[in-house]
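Annotated features in TrEMBL:
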type: DOMAIN; residues: 7-410; note: domain 'Enolpyruvate transferase'
type: BINDING; residues: Lys22, Asn23; note: phosphoenolpyruvate binding site
type: BINDING; residues: Arg92, Arg121, Pro122, Ile123, Asp124, Leu125, Asp309, Ile331; note: UDP-N-acetyl-alpha-D-glucosamine binding site
type: MOD_RES; residues: Cys116; note: 2-(S-cysteinyl)pyruvic acid O-phosphothioketal
type: ACT_SITE; residues: Cys116; note: active site, proton donor
Amino acid sequence: MYKYTIEGSKNINGTVKISGSKNASLPLLVASILTDEPVTLHNVPDLVDVQVLINILEPLGKKVDFKNNTTVIISQNGKSDEAPYKLVKKMRGSIIVLGPLLAKRKHCKVSYPGGCAFGPRPIDLHLKGMEALGAKIDITAGYIDATVKDNLIGADINLSGKNGPTVLGTDNVMMAATLAKGTTIIRNAAREPECTNLAELLKAMGAKIEGIGTSTLTIEGVENLKGVEFEVIPDRIETGTFLAMAAAGRGKLKLENTNPEHLTYVLDLLSSIGCDIKTTKSTIEIDASNKELKPFEIETLPYPGFPTDLQAIFTTLACTIKGSSKIKETIYPDRFSNVPELIRMGADIELFEPSIIVNGGNKLSGADVQASDLRAGAALVIAGAVADGVTDLHRIYHIERGYEDFVNKLNKINIKTTKEKDDIL
């Protein structure tokens, strides 16, 4: 086990190159199952989750060469149709192998997934989509065993769940439908940029998809998909993390290799509370130095609303702003594991699930805290960066699932951070 030791900074300043999107990379890698030809992906982040997925793909018949943020994926002999528990348990997103395996191999056996531990995230919409396409699903001993007799058949599928559209469910059904017989209509499809990135990849492979970027996708099945060379979009959540970090520390950052269009809501919010924002096609500059920022209200919503993955991160920002900010979590109502840790550091936060009120302005103090999931961990990194004194952040393996080269990036913007062996956990 390792920990981060973070010294509070009075001068968060510099330039950060944003990595490729973790949440986009995973389905793009999985889409390689749909073709026997090589697939080359650029701007793939070197992350634990990416390596986990590569380890899942290799027994499924895919040889993956991953160097310098580029993956080359080719087919090989000895194909298995099973994604076992020992691999799938490490990452909830691995459920997206279900659709491509069914479409290409007509059978698959996938363990129930793992991943971040905040609240229930059922996969019922994934299974509903596969059954609508003609798959027979059996669930026994912790495994999903799915088969289709001849081919998947196009269908009209509504993917709206209790808390809005399902991102991974949209990915799963979309990939399966590309090789189905006939036309599939996905209603209430997720509109997140990561879903759009996958749809564009599939089109480049020869899929027939209309309505990309909207809530209704129409997919005409084809016989085969071809290989492709394609680029992963920038990570909008990493971008949002560094934006919040600059604002919380009243600093000044330039973020390169990003896409401001994917963060319109977030940038508008930061402008409204007093940050200076400048953008180009691929850069964002934020200046919060010497600013008296204003408290805010946010409610997490599906894209293009405020992302749930930035909720914990903006909670830390709210702690640094005088006055009361209100944050409502509508996607995952239990996603407040960061709150007790922030309170340990001196924050004044009232919890009324699914909302919190942050009474900001108290100076945070360095403390021993622990990450309980990926984004809660990132939120605590920001807290450590703006706190007085030194923060020891434990269980950082959560954070390293989603932030590439994080320690180096933090040090480059004057947040002194070291990764050390952890004697506590």
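Here the Cβ of each residue, glycine as well, is placed from N, Cα and C on the backbone.
Unlike curated entries, TrEMBL annotations are predicted automatically.
Sequence features, as recorded in TrEMBL, placed on the structure.
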residue : record                                        : contacts (Cβ under 8 Å, 6+ apart)
Lys22   : phosphoenolpyruvate binding site              : Pro45, Leu47, Asp49, Val50, Asp235, Ile237, Arg401, Gly402
Asn23   : phosphoenolpyruvate binding site              : Gly93, Val167, Glu192, Glu194, Asp235, Ile237
Ile123  : UDP-N-acetyl-alpha-D-glucosamine binding site : Ile95, Tyr112, Pro113, Gly169
Asp124  : UDP-N-acetyl-alpha-D-glucosamine binding site : none
Leu125  : UDP-N-acetyl-alpha-D-glucosamine binding site : Leu159, Gly161, Thr166, Gly169
Asp309  : UDP-N-acetyl-alpha-D-glucosamine binding site : Ile237, Gly240, Arg375
Ile331  : UDP-N-acetyl-alpha-D-glucosamine binding site : Asn163, Gly164, Thr300, Leu301, Pro302, Thr308
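Annotation note: Ile123 (UDP-N-acetyl-alpha-D-glucosamine binding site) sits in a coil segment as assigned by DSSP.
Summarised as a single figure, the pLDDT of the domain 'Enolpyruvate transferase' (7-410) averages 95.
In this structure, Ile331 (UDP-N-acetyl-alpha-D-glucosamine binding site) belongs to neither helix nor strand by DSSP; it is coil.
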